[in-house]
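Okay, so here's the structure we're looking at.
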Amino acid sequence: MTLTERLREKISQAFYNHGLLCASYPIPIILFTGLCILACCCPLLKLPLPGTGPVEFTTPVKDYSPPPVASDHKPGEPSERPEWYVGAPVAYIQQIFVKSSVSPWHKNLLAVDVFRSPLSRAFQLVEEIRNHVLRDRKLRNLLPEHGCLLLSPGNFWQNDRERFHADPDIIGTIHQHEPKTLQTSATLKDLLFGVPGKYSGVSLYTRKRMVSYTITLVFQRYHAKFLGSLRARLMLLHPSPNCTLRAESLVHVHFKEEIGIAELIPLVTTYIILFAYIYFSTRKIDMVKSKWGLALAAVVTVLSSLLMSVGLCTLFGLTPTLNGGEIFPYLVVVIGLENVLVLTKSVVSTPVDLEVKLRIAQGLSSESWSIMKNMATELGIILIGYFTLVPAIQEFCLFAVVGLVSDFFLQMLFFTTVLSIDIRRMELADLNKRLPSEACLPPAKPVGRPARFERQLAVRPSTPHTITLQPSSFRNLRLPKRLRVIYFLARTRLAQRLIMAGTVVWIGILVYTDPAGLRTYLAAQVTEQSPLGEGALTPMPVPSGVLPASHPDPAFSIFPADAPKLSENQTLLGEPPEPGGPAEGAQDSPVPEVTWGPEDEELWRKLSFRHWPTLFSYYNITLAKRYISLLPVIPVTLRLNPREALEGRHPQDGRSAWPPRRPGLGGPWEAGPRAPGTAQAHGDVTLYKVAALGLAAGMVLVLLLLCLYRVLCPRNYGQPGSGPGRRRRGELPCDDYGYAPPETEIVPLVLRGHLMDIECLASDGMLLVSCCLAGHVCVWDAQTGDCLTRIPRPGQRRDSGVGSAFEAQESWERLSDSGKGGPEEPGDSPPLRHRPRGPPPPALFGDQPDLTCLIDTNFSAQPRLLEPAQPEPRHRAGCSRARDGPGYDFSRLVQRVYQEDGLAPGPAPALRPPSPGPGPPLTPEEDGVCPPEKGSPSLAWAPSADGSIWSLELQGSLIVVGRSSGRLEVWDAIEGTLRCSSEEVSSGITALVFLDKRIVAARLNGSLDFFSLETGTALSPLQFRGRSSSPASPVYSSSDTVTCRLTHTVPCAHQKPITALKAAAGRLVTGSQDHTLRVFRLEDSCCLFTLQGHSGAITTVYIDQTMVLASGGQDGAICLWDVLTGSRVSHMFAHRGDVTSLTCTTSCVISSGLDDLISIWDRSTGIKLYSIQQDLGCGASLGVISDNLLVTGGQGCVSFWDLNYGDLLQTVYLGKNSEAQPTRQILVLDNAAIVCNFGSELSLVYVPSVLEKLD
Amino acid sequence: MAEGKTESPGPKKRGPYISSVTSRSVNLMIRGVVLFFIGVFLALVLNLLQIQRNVTLFPPDVIASIFSSAWWVPPCCGTASAVIGLLYPCIDRHLGEPHKFKREWSSVMRCVAVFVGINHASAKVDFDNNIQLSLTLAALSIGLWWTFDRSRSGFGLGVGIAFLATLVTQLLVYNGVYQYTSPDFLYVRSWLPCIFFAGGITMGNIGRQLAMYECKVIAEKSHQE
């Protein structure tokens, strides 16, 4: 056990060091890894490319004998001869390459003459060859009658010279079997001519006036003597003077197995599965800067590790005999992307405020054990596989071991480094975004990375509202579908791309089908280079008689169709071409040179590599996995004189429209009327014209559709040209489709009356209670916006009585109050009607810090949401109590408030917001409503509180106020009277829960007080203002005496201050800075569970009636808990920085963080659905209206989102002023009104009618 | 699988208007259909693999067409896979131990890939003797279960399926519906149970993954109600 632990520790330490190394020197390590990959892949260059391309092997002609059948070659001599070179080839192929030209050229000659008489010589040659067998007496009994196949262009005319002479349209005959469609395999013309189409010269428009073709002989057996004599005779008869061909090598061509569709299906399936696997794996990468970059890195890691393993295997002599393409998917699956994902997740989940180096190192070391364990397991499995002793499996295992090791190497070096770079980038971007709020901090504040800090100043995010969505699988098209489709088109630019692709393909086809040469060239190129080749040969209609008749047996017939004829034509032989001849005209053209170059030596290479398989397939012989031997070509040069050319002419040729060739004209010389025959000879120029026309038409079409597209879906769809000067166009909130929904401007009900920023808000649907920094509490009617009651800051009077610098503010208040009427004039000495208690003696505050305007926000929601203009917190001597918790946020908060407090009596009244001061901002209706109530009770209270308000709750008509002094007060909301109070403990109340008749107060020292509210008489539901209040909240009549009794105290619920407190379903949940949550039963205040799982202070808690508990902490994580069992259901790393608020609907969890992102999570799976980027400083302002409507605040506006789809539905601007304040808090009331908190104002917004329609 | 991928619904795919329509039985049917098609597809592909290697002999001229050869094989496999895929989550529910191990599509894909690989190996790798082949495949199948399932119910069900399916195959071969080229285990190949076991695990994995969405939808519904 200890051994395991020690090992574990060592591994973890090693990984930690490695992570530090990787993050410290990313670039050198990446370079090094790249070099390693390249080095290991080097041996791959020697491997033949996979595919079905033929393989060649050359042996000298001299002393050639077919290789023995039995493979006697030893493994020691691998380079000597390939493995397939065993046994006799399928066939020997002897090509007799004929080049012929008519010379001297005469101007009377027609274009047809270029090839008519040269082609006619083919018959002559064929007979010559046939007779060669008979001529040589010695060979006659030596050679068998059958055993040789002879192909020549003459086969087009059934080897019948008469037919040839009677044929008026030679080109038509030749091309009659040409397929009209795209055809990359060998055509019949190629087969019979034996040369690629463009070399044959049988065309009306060639300039070289030289015809070349081959006569192909296919032997089953090799007869050196016969071939030698044939060669000698043909060379003798038709000497090629300047021939430099060296006929000394025999080329053997081996054809691979052809892959059929049936074989491909399983392969394709495995690849589909592989891609699905990769897709689903990379989808899980989250919380990084560039998700796709990391996914790419992961795939690169796996692929290059495979390549490395192949390379290493070949380096050490393990030539893979397995089909690489087949085992590859399984290898990827075996190696897997899991490690990479685990690494990413682990690194991402480290605390964000650490340095990148440390984060990488921590992430690595925390996962080191599982990585090593997995690797050991896999190696063990492979080892077991190795001992199955099956060669194929052994090879796979060996391969997989090398692959695993190289994959581990790459993960550790390559991927980790890429991850560190990514995290660093993310941190930079993050700093960029958050900088403006921190920029005002004095430089003395210790900043983690000061070097990087300056760089951030320049950049600011340009788009405040962007919504990032999950991949489309999470989204569904929804009504209105029409718009959706258009958005989709607009987003993907689908129309444009389709049109462009279509045009390109069309032009490509046009060019490709042009028979003038590109196609044949391409055909040869494509088929030579395509690794897999065409799947299957397209069957070509072969006319009977064109090819020599096939026999069912594989033996070839030597004289295919007309064997008996061969004896007649012996007289035609041996007529040597006579140069010169009668001079029938001026030689007006240069004599075409019949030259033989080295490129003619292996002309068959220019043929499609399917040439031979096609030829043999016509005889039902497959060349798959077999080889043929190509003998050196026999060059034959034919020179014809014009007289012969004229003699060979067909009578129709003269009448035909091919004019005599005039080379002097230079241009293409086909001008003039065309005969019907030319229609088949696809004219070049026509084709070009068509191509140009097509191109033009395509472009016009593109332009047309582009215009149509612009008309149909304009980019500025739905943007009314209103509101100049509020927001620039670019800043309009828009969703993923680039669609900015219609913005509306409604006049919200503005509730003014607070002098300073409003910090606490509470509502029960009917009433709205707000509390500002200055300590005022206002009660509003949530329906009408009337101010019902104002409870001023109690300490104010004291301060003014002391005569401090509060005079200024005092005067503001007086001014503002004076706008509402005179009754407040008594001001400093209010009539104490309801409470006999006088102002507490000032001595009470002697040791207390001056907390007069210390107002806390809702602690659970916004612990760190500082105003941008917050100066550096100053410590005061008196606030030592608040500093006992080292948790940063709370103490900072308190300090901030202290400091504010400290400023207040100081000489800085300028801090007071000057704008909401005197009367003018008050709306008339407020003026109309307020004074009657104002007059009586508002200032009637004694300064009953000796601390600022930290928390506020409202239920029925009772307001519960928790103060920093630890005092709990219950006020009557309507009348503004203090009903009861309790101040047993002097520790400040940080959070309050007021549920039914229970009040729970959480205090700064971590203790929890349970109060119960007892009324003197029975609760009598009171009709409030003619409307019935909600049944859950009893309304206490003012006549009752309310007493607040401390029922129970949990003295040390938490070690550190309680920051979050929520209650529902009979449970009370507290969250504290000590990283834990506690669940109490509300009735007997019994602690049920202590939930541990956060690695930072809890900042926010959510619980609802369905007993679902969600909590968010400073570690940026959200945990979902099951309140019944106390188990953690899921754990999501949600935000960079604190989670500031959290709420749930039935299907999602919505969280907001300090990174100003609102993230929506699937509640059951914990998968992030999407996130919304908020305005700066509006991060925490969100509210859920119904199950599918989300409200977020922005810069002077609120936006409505469809929760299910993440669509921005509408943006509502509040107010007209050009520089709007950010919405800091949103409170959703029952009647679908939204209360937004803009500084010192509240705005009451009713949900726009558009949304109601959508709902 | 292509079907598996396209049918995998994102959590947001079922909006409120769909989930209001989606009753439990409809959901069951959808899952069954998806599983059926996955099974048919796998059967076609794997059968092709076997036919190529002349492992299985069907009475008519087989190579001519994969569809006409034995039309009844894919539907049978599809039905079987649908049953298995529905059975697994059902048993999980009845046993009260929801399957929590590696509930992700990527893991399911990995499982399917390994399953195809096992088939590939059974068809394409040349072994010396059948015992070796069968043992290897058995080890691979157990490895598959350990890697992707690890539940006792899954193992039991897999073994049961393997037994039943082998029995059915024996009967089929005995009655001359088709035959194997070199039977070494009564009338069939001895690796057949391993293949069936691995197939059962794989289909169960897919079925559980699909059922996860159903659970969620129903949970959502119950929340809404």
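Just so it is clear, glycine is given a Cβ too, placed from its N, Cα and C backbone atoms.
Here TrEMBL flags A:906-923 as compositional bias 'Pro residues'.
The domain 'SSD' annotation in TrEMBL covers A:263-421. Looking just at the domain 'SSD' (A:263-421), the mean pLDDT is 78.
The region 'Disordered' annotation in TrEMBL covers A:568-596 (among others).
For A:647-667 (among others), the entry in TrEMBL reads region 'Disordered'.
What TrEMBL lists as region 'Disordered' is A:791-850 (among others).
Annotation comment: TrEMBL describes A:863-888 (among others) as region 'Disordered'.
Residues or ranges marked as region 'Disordered' in TrEMBL: A:902-938 (among others).
Secondary structure of the repeat 'WD' (A:1091-1131) per DSSP, as helix, strand and coil residue counts: 0 helix, 25 strand, 16 coil. Marked as repeat 'WD' by TrEMBL: A:1091-1131 (among others).
Annotation comment: TrEMBL describes A:1132-1171 (among others) as repeat 'WD'.
A Cβ distance under 8 Å defines the sequence-distant neighbours of the transmembrane segment (A:20-46), meaning residues of its chain 6+ beyond its ends; these are 304, 307-308, 310-312, 314-315, 356-361, 406, 409-410, 412-414, 416-418, 420-421, 424. Residues annotated as transmembrane segment in TrEMBL: A:20-46 (among others).
The transmembrane segment annotation in TrEMBL covers A:259-280 (among others).
Tertiary proximity for the transmembrane segment (A:292-318) is limited to same-chain residues at least six positions away from its ends with a CB under 8 Å from its CB atoms, namely 36-37, 40-44, 46-47, 278, 281-282, 285, 324, 328, 331-332, 335-337, 340-341, 344, 395, 398-400, 402-403, 405-407, 409-411, 414-415, 418-419, 422. According to TrEMBL, the feature transmembrane segment maps to A:292-318 (among others).
For the transmembrane segment (A:330-354), the list of distant contacts is 270, 274, 277-278, 281-282, 284-288, 294, 297-299, 301-302, 305-306, 360, 362-364, 366-367, 370-371, 374, 378, 399-400, 403-404, 407-408, 411, 415-416, 419, 423, 427, 430, 448, 1095-1096, 1115-1117, 1133, 1136-1137: same-chain residues at least six beyond its ends, Cβ to Cβ under 8 Å. Per TrEMBL, transmembrane segment is recorded for A:330-354 (among others).
Look at TrEMBL and you will find A:375-393 (among others) tagged as transmembrane segment.
Residues annotated as transmembrane segment in TrEMBL: A:690-712 (among others).
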Per-state residue totals over the repeat 'WD' (A:1132-1171) - DSSP helix, strand, coil: 0 helix, 24 strand, 16 coil
